[in-house]
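A.B. asks: Checked TrEMBL, it gives:
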COMPBIAS  B:44-62  compositional bias 'Low complexity'
COMPBIAS  B:445-459  compositional bias 'Polar residues'
DOMAIN    B:95-702  domain 'Pyrrolo-quinoline quinone repeat'
REGION    B:44-66  region 'Disordered'
REGION    B:90-112  region 'Disordered'
REGION    B:434-460  region 'Disordered'
SIGNAL    B:1-23  signal peptide
Amino acid sequence: MTSRSRPRRIGDWATLGLAILIVIFGLIFVGGGGYLLSLGGSPYYLICGIVLLASGGLMAMGRLLGAYLFLLAWAATLVWTIYEAGFDWWGWLPRLFGPTLIAILVVLSLPVLRRQDTVRPVSRGAV
Amino acid sequence: MRKPALLTATILGGMISASMAFAQIPPSNSTPGEETTTAATAHNAGAGRFGGPAPSAPQAPGVNAANLPDISEIGINEVPAAVPQIDATPAREDWPAYGRDSSQNRYSPLDQLTPENVGQLKRAFVYHTGSKPGPGQANKWAAETTPIKVGNSLYMCSAMNDMMRIDAATGKEIWRHDAGVKYHSIPYTAACKGVTYYTSSTVPEGQACHTRIMEATLDMRLIQVDAETGKPCEGFGFGGQVNLMQGMGESVPGFVSMTTPPPVINGIVVVNHEVLDGQRRWAPSGVIRGYDAESGKFVWAWDVNNPDDHHQPEPGKFYSRGTPNSWAAMTGDNELGLVYVPTGNSAADYYSAMRTDKENAVSSSIVAIDVKTGEPRWVFQTAHKDVWDYDIGSQATKFDYHHEDGTVTPALLVPTKRGQTFVLDRATGKPLPEFPVVEKPAPASTMSDDPRSPTQPWSTAFPRLAFPDLKESDMWGMSPIDQLYCRIMFRKARYVGEFTPPALDKPNIEYPGYNGGSDWGSMAYDPESGIVIANWNSTPMYDQLITRKKADALGLKPIDNPSYNPAGGGAEGNGAQADTPYGIVVTPFWNHYTGMMCNKPPYGMIEAIDIKTKKVLWSRPLGTARANGPWNMPTGLPLNIGTPNNGGSVVTKGGLVFVAAATDNQIRAIDIRTGKDVWSDVLPGGGQANPMTYEVNGKQYVAIMAGGHHFMMTPVSDQLVVYALPDTADQKH
């Protein structure tokens, strides 16, 4: 059973790739968002970036919580979009279109993460 | 000064996959000026005179393009009494002047085409002007041409000033006059907005040159040919030509040029010219001149820094240099004996400390000049001490304003790049009481050597053609990443709303941008309904003054410098501003990675305004995303995003607005009652020109020059596309 903690199916690889992508976004958000905040701009990107780093990191470790964190960030982004752009469709495009595509992938990864997460205690027990 | 247009790329985005958007790679070099170009060999004449201005230096070879002798001067009393011109009272089916008639309102009384039948409009013919970039020539083309129509003929010019007469019903060329303009004479853009139809006061009907076609050329000539045959009018100037570089002093080809049809007012043809932006403080003069339309002889000059001397400069002397130039189409007024001149900035647009008080009094203004004397009768300024390139690109429109008490005032409608529209009394230049102008406080300069005007004028009653000031949350992109990039750019710049001054320490956002608001497309006005049709841009610019050292490092040199590189500093972008302490860096406020504008759409709008109620009847984005997208890729999407646009509209009695202008390369007909598209067609090139309409043999035609525009990055073509209803379709007349 020890090999189970290593990704070996396509779903596992895809989930790991998604997690890495989210970590990259998180890094860009934290870096750019921190700079933006230092210039007096919106704190959204820095805060969201930290959540994305946590989300991607947890997902890479096979933790379901990572996916839930992303979906939480997505939901918060929806609220933030309404706050900043109202219901102007053009304002929704940059804020929500890409993140929604990723959110769909995250939802698709839920079964994989659920399986990875349930085997984790067994793996731990074996250590 | 000159500014056609801008911006490619604005648009659409989310349709691209998010991962693509996230995978942006920084460009290797975002500074301008690395592109190699052809041109420029002509500028290599005369090294060693670039330490400063040398106004008495001789003009470089080729500046007097046709090697014409100097023209002599005559007094106003020697000008023959003018006969009525056809544009004063055009026949219903004609379009004899750039803006149709001498009021320049772009209104046609034709009504065969209606919202009900315009959907059946089809191409009647296509005429090729033959002017487009040759092999190895950089694309500087933007024909911007509007034909005129008199009798059964269209008269027009090509982007390189060849003139032609075309059968208005078939598109067959009747004659063509080769102007012989050379590539090196193209300033920033090869454009010819139109020709002037002139009826002679001395040549009897039936003789050659009784009616004449006149144009002003890129290489500063005024040319007249016989309207019937296209042969030069020998009685005008020297063999039908006048050299307008006379008295201009040192210059090189392409520095000074003309792109608009010169108006004739009471026998005086008035000429203005573009001086290439951003080159040097002591660029050639922006002088306005009047000539005898009959003989081509000089009558008067209005030289801003020599306001009391209306004569030609004596040998060895020159018109005052660096003064505000005027490149937009002028409007004539026979009744008041005035020409309304839309002026631009003094040379070196973004630095004002070296300008004289006389220049500051008349820049970015409408100046009404008495055509008998060359003396300004009144001046109305639309931006004080302009450092934003808010020169007036639009042609002013004359109209009669009907007050509530039943009285009528001859009025002038003045659109601006700021999106402020001023409505003036033509006799006095004062705003009409119904359209007050308020001086509001404006931001102070951070450049201690270059203070700004404490106030700027606002036309508070006329609907503003602009969106509210930008906010960080207005930043846009395809993804959160490029939106974040634009937010950082926004926060890095200084921006305190309109009139944020340029500075050395940080960039400033210029919004409205120098493409307007309203630019050279001007406005259309229906005098019967009192409805104004206005199309405008929402395209901010990102400017910054740079030290001379930095300008040198960027390779910014003026056009008359032997090492001038046209790609390094043209009229629309970065400029050397030689003779001043600073150069200027100007780009659209866009994402350098994707080429998309940083602000959210729409980027271009069209709206209808009722001049009586001052209410906006409808307002909508102009142009779809079909030919635009990130990385300049066409998306093919019919989304009505509203693109940057250049070129105006036509309004007809049939209840239609015809407009192209947008970067989606379409011409469309809009129902004036609803603002909705009722017809459109994809053009063979960009439709950056003013359309026109006319009737021949009972059939109404709509014509548009699909010449494209290099700066708008729309495809170049040499095609005039003309539409009409098929013979089988419903025609009311």
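Each residue, glycine too, has its Cβ placed from N, Cα and C.
All annotation found in TrEMBL is predicted automatically rather than curated by experts.
Could you tell me the structural context for the features on the list?
C.D. replies: When Cβ-Cβ distances below 8 Å are used as the criterion, the compositional bias 'Polar residues' (B:445-459) is approached by residues 351-353, 381-385, 387, 420-423, 431, 435-439, 494, 498-499, 501-505, 545, 581 of the same chain, each at least six residues removed from its ends.
Taking Cβ pairs closer than 8 Å, the region 'Disordered' (B:90-112) reaches residues 146-151, 193-194, 196-197, 260-261, 263, 329, 331-334, 395-399, 522-528, 533, 648-655, 690, 692-696, 698-700, 725, 731-733 in its own chain, all 6 or more past its ends.
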A.B. asks: Limited to the domain 'Pyrrolo-quinoline quinone repeat' (B:95-702), I'd like the whole-number average of pLDDT.
C.D. replies: 96
A.B. asks: Per DSSP, what is the residue count of the region 'Disordered' (B:434-460) in each of helix, strand and coil?
C.D. replies: 0 helix, 10 strand, 17 coil
